[in-house]
Ligand code: 5GP
């Protein structure tokens, strides 16, 4: 997606060789206009898949997921990383190792929000090693729901996430794909949409 690549090139910051900081428009401060466009684009790609729920992981997945869900006309569910006192119903849970925080957390969604009738689109801000998406896929599968695909804002294609998901037969659509962050330079690969 050209608008996104232009913004990453202008405002993204490279940290080390593996991490891209986009806190001016995605992960801390959010540009709602760009975010809306990105959610719309993911919704368009999956428009014929009869999606019934958009699922993401708090916190940074919520913004793109809500816009995609709005365009698809379906609810958005965000998995929680810590258990809330109000979550007193049966839970779907799995473990996710966080690439940026380097801790493992238990993620959960109330059982009542997903069922075997659901066709799910998973949305997240970044795809690195694929652990967040894999954890969300496991939650959906516990409910018997079908995962139609994973929609990503920024994929770091030099890490293993895409391969992990494709090996699970899950289609991945990324709006920007980063081939390399070596020497502080952002090198793009051809995006999916
Ligand atoms: P994965 O589970 O695919 O290894 O990592 C995905 C999660 O880690 C995303 O939800 C995102 O929050 C975080 N993440 C991974 N790589 C980056 C990065 O380069 N920059 C930022 N800001 N977050 C990242």
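Including glycine, each Cβ sits where the backbone N, Cα and C put it.
These figures come from a predicted structure and were not determined experimentally.
Taken from TrEMBL, the feature xanthine binding site applies to 20, 27, 156. Note: residue 27 (xanthine binding site) has non-local neighbours 21, 60, 125, i.e. same-chain residues 6+ apart with C-beta under 8 A of its own C-beta.
Summarised by DSSP class, the composition of the domain 'Phosphoribosyltransferase' (37-154) is 38 helix, 42 strand, 38 coil. Look at TrEMBL and you will find 37-154 tagged as domain 'Phosphoribosyltransferase'.
As annotated by TrEMBL, 5-phospho-alpha-D-ribose 1-diphosphate binding site applies to 128, 129, 130, 131, 132. Proximity of residue 131 (5-phospho-alpha-D-ribose 1-diphosphate binding site) to non-local residues of its own chain (separation of 6 or more, Cβ distance below 8 Å) is seen for 96, 97, 98, 99, 161, given in sequence order.
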Three-state secondary structure, residue 27 (xanthine binding site) (per DSSP): coil
Any further residue of that chain within 8 Å (Cβ to the Cβ centroid of 128, 129, 130, 131, 132) of the recorded 5-phospho-alpha-D-ribose 1-diphosphate site: 96, 97, 99, 127, 133, 134, 159, 160, 161, 164
List of residues, in chain order, with Cβ under 8 A from that of residue 128 (5-phospho-alpha-D-ribose 1-diphosphate binding site) and at least 6 apart: 18, 99, 156, 159, 161
Surrounding CB atoms that lie within 10 Å of the CB of residue 156 (xanthine binding site), all protein chains: 25
Binding-site residues compared (20, 132) - the one with the fewest other Cβ atoms within 10 Å: 20
